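Trainee: Please read through the structure below; I'll follow up with questions.
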Amino acid sequence: LALNPWDVVLCISGTIISCENAIVVVVIFYTPTFRAPMFLLIGSLATADLLAGLGLILHFAFVYFIPSEAVSLLTVGLLVTSFTASVSSLLTITIDRYLSLYNALTYYSERTVTRTYIMLILTWGASICYGLLPIMGWNCLKDPSACSIVKPLTKNHLIILSVSFFMVFAVMLQLYVQICKIVCRHAHQIAVQRHFLAGSHYVTTRKGIATLAVILGAFASCWLPFAIYCLLGDYSYPALYTYVTLLPATYNSMINPVIYAFRNQEIQKVLWTVCCGCFSSTMPFRSRSPSDV
């Protein structure tokens, strides 16, 4: 096949995604203290994004060096599984943040650990099921007219994935709205109790809302164009449209480590210890918690 520049860009994007998230996975896996629910969810997100990056690389390699229908189904199944798990992991992190604020007194309990494991099992179970569909026969290799904008996925399969995404996005939006309300209420209560000025309350609230807007805005701007095009597009449309909307979706896996992992105090300390141990005990870090927004 003639080398498609868009495929090269996706492969480069997959390489960057893999490197970033591999760091997070290694740090969490080899640090015994990172077994709290918050780190388990971050690790799940990083694992999903790592698999997504590897899937992009493998898809490029197999398409241009080992072309095969069976291998194509495997790589597409891996991509569907990993990206579905990535989006679902973002939802679980949002739920965890909301519950850490709403049930602050009971958050650090065995129930939270159990709930986290249940969410992880549901997340990966559903993602694997979605990814196995093309391999189990739900593909358009024998019926090109049933193909979606992402071959060999069928149009119905992609519609289910898109509708699932919009449902996840709606739940995340609602939860972040509730988080904003709780943050504003807490900031106001602290300001009243400590006799802070109204300006301090305003600044604290504005920072919290701005951070939430960045988190949700980054997620929406990356995935919404592709999700909408999956519903409206057709297999007969130019492949350029698919690449233009799919590439920003991969960027979400690129920025997730920055938003959810590298901003965490404990992960920062470990990274500084590994990269530059002499600064590990002197670098100033801000205290963060699962509900930090």
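Glycine is no exception: its Cβ is also placed from the backbone N, Cα and C atoms.
Unlike curated records, TrEMBL annotations are generated automatically.
What TrEMBL records for this protein is below:
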TRANSMEM  6-31  transmembrane segment
DOMAIN    20-260  domain 'G-protein coupled receptors family 1 profile'
TRANSMEM  38-66  transmembrane segment
TRANSMEM  72-95  transmembrane segment
TRANSMEM  116-138  transmembrane segment
TRANSMEM  158-177  transmembrane segment
TRANSMEM  209-228  transmembrane segment
TRANSMEM  240-262  transmembrane segment
Trainee: Mind checking which residues of the chain, 6+ beyond the ends of the transmembrane segment (72-95), have their Cβ under 8 Å from one of its Cβ atoms?
Mentor: 41-42, 44-45, 47-52, 54-56, 58-59, 62-63, 116, 119-120, 123-124, 126-128, 130-135, 139, 141, 150, 152-153, 161, 164-165, 168, 171-172, 175-176, 219, 223, 249, 252-253, 256, 260
Trainee: Can we call the transmembrane segment (38-66) and the transmembrane segment (240-262) in contact, meaning three or more C-beta pairs below 8 angstroms at a sequence separation of 6+?
Mentor: yes
Trainee: Check the domain 'G-protein coupled receptors family 1 profile' (20-260) for me and report the mean pLDDT.
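Mentor: On average, pLDDT over the domain 'G-protein coupled receptors family 1 profile' (20-260) sits at 87.
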